[in-house]
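Participant: Annotation comment: TrEMBL describes 38-86, 120-157, 199-234, 250-283 as region 'Disordered'. The feature compositional bias 'Polar residues' is assigned by TrEMBL to 41-50. For 124-139, the entry in TrEMBL reads compositional bias 'Pro residues'. The annotation compositional bias 'Acidic residues' is assigned in TrEMBL to 199-211. Marked as compositional bias 'Low complexity' by TrEMBL: 255-279. The feature site 'Electron transfer via tryptophanyl radical' is assigned by TrEMBL to Trp435, Trp488, Trp511.
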Amino acid sequence: VAAALHEWAESRGLTLSVHTYWDRTLYHPDDLPYHLYGKPSRTNGKSTAPQKEGDTRASSNSIGCNGGGRGEEGEEATSERGDGELQEGAASLPACVDLNPARFCDVPNVMTEFKKITQTSAPVRPPLPPPPALPPLPAPFNRAPSSSSSSSTQLSREQLFGELPASVMQVYEAAGAVPALRRLEELVGLSYRKLLEAEGEEQGKEEEEVGQQEQQEQQHAGPADPRTAFPFTGGHRSAQQRLRYYLWGAPSPVPQGLQQQPQPQQQQQQLRQQQGGLPDRMRQPACLRSTHHDAPVPGAAECGCPGAVGPGCTACLPPPPPSKQPPLLGFNETRAEAVGVDGSTKLSPFVALGCLTPRQIAHEVEQVRLAAAAGAVEACMTSPAAAAAAAAAVAAECDWLLMHLCIRDFFIFTALKNGEKMMGEGGIAGRTVSWSRDEGAFSRWARGATGLPFVDACMRELAASGWMSNRGRQNVASCVTKDLRVDWRWGAELFESLLLDSDAAVNWCNWNYFAGVGNDPRNRHFKTVTQGIKYDEGAVLAATWLPELAHLPPALRHQPWTMSEPE
């Protein structure tokens with residue numbers, strides 16, 4: 001990213017200062033308890049004592065600062081004039097975070113040890129505040145529109161940034177990777193170009209019938225496939241809305257337009273109700289209820305944004321009315337489910353793209369914890385035992401969610417520790433395994449044609465929507481590595497190409513684990529049929545993504561080979 005920014009500036013006669021900041025993990029690298037991991041961390045002989053955000057004494061990054069989306073390891077770019085004079089505020093930017101692999105040599109190899117030590121000993125820094133204002137653009141880009149100037153002297157967006165890709169095909173063409181797109185389409189059995197072309201044709205037909213503003217809204221109104229378990233648009237505002245809904249509750253988690261299609265989550269809830277209703281722990285406690293639709297979320301602090309309220313941070317958004325049970329209250333109960341919009345937080349794509357940071361999530365989770373405690377204190381006047389139990393249940397779910405953010409940190413720091421070794425055939429552990437290079441078996445797995453309904457439904461869901469549940473990912477990875485014995489790196493690369501929440505560290509470390517070449521001593525082999533029955537009892541996933549099985553009862557959708565001759 002930094003190189004691209006420098007190239008852009010140089011082509012326009014500018015010099016550019018690119019500065020990185022670290023907000024990719026819940027725990028800052030400078031705050032990790034290295035001395036408790038076994039021995040003090042070695043980083044060029046310098047101390048790794050925690051430093052304040054923006055401390056310019058941090059050592060320089062000897063292996064380069066890899067850029068990510070805004071809010072991860074993003075680039076804070078400050079343009080310089082031709083004479084080298086820095087724009088105002090550039091000199092106060094913090095130094096690069098030290099990402100030398102030697103610094104992380106003592107990070108535990110096993111996740112449980114990392115969680116136990118880090119969660120009890122490392123602080124979580126507050127989220128970085130939004131910038132109060134952006135510095136002015138340098139000349140000639142700061143030229144104000146003038147009625148006296150001709151249109152030829154005005155710089156358009158295309159002149160500033162060049163022509164932006166308008167389709168998947170154009171992205172691959174710009175990267176010189178069209179053969180890769182063709183290979184991907186061949187593997188999964190879908191034509192992404194045709195889908196986009198059809199969408200463009202349909203929009204062209206409607207152009208005469210709707211106004212420009214309405215058409216723009218339709219273009220961004222949700223996903224192309226109504227079956228998806230991730231029915232959200234991208235961007236910071238959508239991320240904040242999802243976060244607030246999941247933690248506090250809101251009237252409707254699904255964008256308008258998808259409600260006409262029955263959602264897998266609704267079918268799962270109907271199944272639970274037939275089996276006796278929701279567990280008590282998943283009911284909304286009184287400490288998080290509100291009788292007013294416009295009641296503010298307890299604990300939401302002022303953001304300090306200048307001027308009018310805007311979308312710059314969490315507090316800038318109006319809190320949703322907690323008119324239903326927040327999905328957070330069932331996190332530990334539903335996080336392993338294979339279907340449903342609210343079966344998991346659905347925050348990982350936003351975090352992977354930098355629309356939301358782990359620290360922002362943690363901050364909001366702590367606000368929920370405080371609100372539950374405050375509500376419990378008020379409710380103690382009538383029912384002390386019930387109030388305390390409700391607050392404890394909320395706190396337990398908060399702990400579960402924060403623990404999963406810590407697990408994500410473990411993968412990132414493990415990747416920083418091991419570098420490209422985690423992408424080698426022998427993985428982090430360097431184990432020698434005889435892998436198959438059977439392209440036919442891999443192709444059947446990739447397009448969802450193995451004959452195992454749970455695996456096939458998960459793979460078709462991934463190809464069509466870019467999403468797959470955590471439980472599904474574990475099972476399909478186990479299938480291709482343990483049952484088919486196909487080179488695990490093929491699976492990792494396919495996931496990296498298709499997942500909405502693709503993150504190199506999380507993706508490759510997980511594949512190391514399931515291929516048996518990671519640090520974890522366990523070598524798991526999942527029974528995919530049993531797993532499908534356990535985590536999707538109603539076979540909703542198979543009914544949704546395998547139309548050839550949709551007419552069968554759940555038991556036969558899980559095991560169609562058990563059908564009798566008359567059936």
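Using the three backbone atoms N, Cα and C, a Cβ is placed for every residue, glycine included.
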Participant: Just checking, which of Trp435, Trp488 (recorded sites) has the fewest C-beta atoms within 10 Å of its C-beta?
Facilitator: Trp435
Participant: When DSSP states are grouped into helix, strand and coil, how many residues of the compositional bias 'Pro residues' (124-139) land in each?
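Facilitator: Counting residues per DSSP class in the compositional bias 'Pro residues' (124-139), I get 0 helix, 0 strand, 16 coil.
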Participant: May I ask for the distance between Trp435 (site 'Electron transfer via tryptophanyl radical') and Trp511 (site 'Electron transfer via tryptophanyl radical'), taken between their Cα atoms and rounded to an integer number of Å?
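Facilitator: Trp435 (site 'Electron transfer via tryptophanyl radical') and Trp511 (site 'Electron transfer via tryptophanyl radical') have their Cα atoms 14 Å apart.
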